[in-house]
Amino acid sequence: QNELTFSMRPENETAVTAFILEGFSGLDQRLQLFVSVVLLLMYLTTVMGNTTVIYLVCVDHRLQTPMYLFISNLAFLEIWFASSTSIKLFVILGSGRRTISLSSCFAQSYFYFALGCTEFVLLVVMSFDRYVAICQPLRYAAIMKPQLCIHLVVAAWVIGITLLSYRLILLYKLTFCGSNKIHHFFCDSSPLFKLSCSDTSLLWKIDSILFSFVILGSLCLTLAFYMGILFCILHLPAASERKKAFTTCSSHLTTLAIAYGSCIALYVCPSKDVSLETNKIVALLNTVLYPFLNPFIYSLRNRTVILALNEAIAHATTEL
């Protein structure tokens, strides 16, 4: 590395001023370049897909409903969540530049967890919205009023951003004076804490309790709403309606399984026997694959969204 990653303290103790993200350094150079291209295409698709969803919700009055308000917020969040880790990963794989400053590392760690927390709260809100729409259709408009929907969205963002603010404060209090190599492709908690010469027991405890509460708490609420939805679906009179509803729910549950499964494996009950390479692959599920699938699962398969998209394309074509 050409960048200076250490400085000397007055006490002759070497202090780390930057980290080196190892990423997937074990892979062959050509394979790293191939993986970089694949991940870049997935990232660009993620950004374009989610941006399209946000645009359509803003311009098409048919999509200005509570459900699409939540979906557009999720799409906006996914763009930033994917960007928080993916951009640096492309640089690592594509150019081999692995150095990241302490401030950038701490900021990346904060945004990754803050946006992740916000997403879990949004998923609960979205499952509640679908529960009311399917199980209480006659009362839907009375329950999901615009004011309530805005309050729920604001609450999700405020909870995620403020709840994880302690991380920035505690991270900046840590000192790093040994190895500066992070055996991951982003500044995840475990590899970062292990490099610190400070006492990280408080951070470990807070993270463990908070992550378990957020992940498992939101999972229980989300599954409770989906169980209610499934019971309502079973009582639908028409078989075609039941099939359509089951198809939609199963696709939603598939993406939820990826998000919750990877986060539970990484943060709620991490296994000490699992290799770092396996951990990195699991981390790719919720940093790359999950944001990539979301616009297709929640929006771009919907008939109303497809119609709005076709009309927008047709309008743009006539303008040209």
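Cβ from N, Cα, C; glycine included.
Since we're looking at a predicted model, the values are computed, not measured.
The transmembrane segment annotation in TrEMBL covers 33-56 (among others).
Per TrEMBL, domain 'G-protein coupled receptors family 1 profile' is recorded for 49-298.
The transmembrane segment annotation in TrEMBL covers 68-90 (among others). Proximity of distant same-chain residues to the transmembrane segment (68-90), defined by a Cβ-Cβ separation under 8 Å and at least 6 residues beyond the stretch ends, is recorded for 21, 23, 36, 39-40, 43, 46-47, 49-51, 53-54, 57-58, 100, 108, 111-112, 115-116, 118-119, 122-123, 125-126, 129, 149-150, 152-153, 156-157, 185-186, 287-288, 291-292, 294-295, 298-299.
Long-range contacts of the transmembrane segment (110-128) within the same chain: residues 67, 70-71, 73-74, 77-78, 80-81, 84-85, 152-153, 155-157, 159-161, 163-165, 167-168, 171, 186-189, 211, 214-215, 218, 221-222, 225-226, 229, 256, 259, 263, 286-287, each at least 6 residues beyond the stretch ends and with a Cβ under 8 Å from a Cβ of the stretch. Residues annotated as transmembrane segment in TrEMBL: 110-128 (among others).
Counting residues 6+ beyond its ends, the transmembrane segment (148-169) has Cβ neighbours under 8 Å at 66, 69-70, 73, 106-107, 109-110, 113-119, 121-122, 125, 129, 203, 206-207, 210, 214 in the same chain. Residues or ranges marked as transmembrane segment in TrEMBL: 148-169 (among others).
Among the features that TrEMBL reports, transmembrane segment is placed at 209-233 (among others). Below 8 angstroms of C-beta separation, residues 113, 117, 120-121, 123-124, 127-128, 130-131, 134-135, 163-164, 242, 245-246, 249, 252-253, 256, 260, 263-264, 267-268 of the same chain, each at least six residues beyond the ends of the transmembrane segment (209-233), sit close to that stretch.
What TrEMBL lists as transmembrane segment is 245-268 (among others). Sequence-distant contacts of the transmembrane segment (245-268), counting only residues of its own chain at least 6 positions beyond either end whose CB sits under 8 Å from a CB of the stretch, comprise 116, 119, 123, 134, 188-189, 207-208, 211-212, 215-216, 219, 222, 226, 229-230, 233, 236, 274, 279, 282-283, 285-286, 289-290, 293-294, 297-298, 301.
Summarising the annotation, TrEMBL assigns transmembrane segment to 280-300 (among others). Tertiary proximity for the transmembrane segment (280-300) is limited to same-chain residues at least six positions away from its ends with a CB under 8 Å from its CB atoms, namely 24, 39, 42-43, 45-46, 49-50, 52-53, 56, 68, 71, 74-75, 78-79, 81-82, 85-86, 112, 116, 184-186, 188, 251-252, 254-255, 258-259, 261-263, 265-266, 306, 309.
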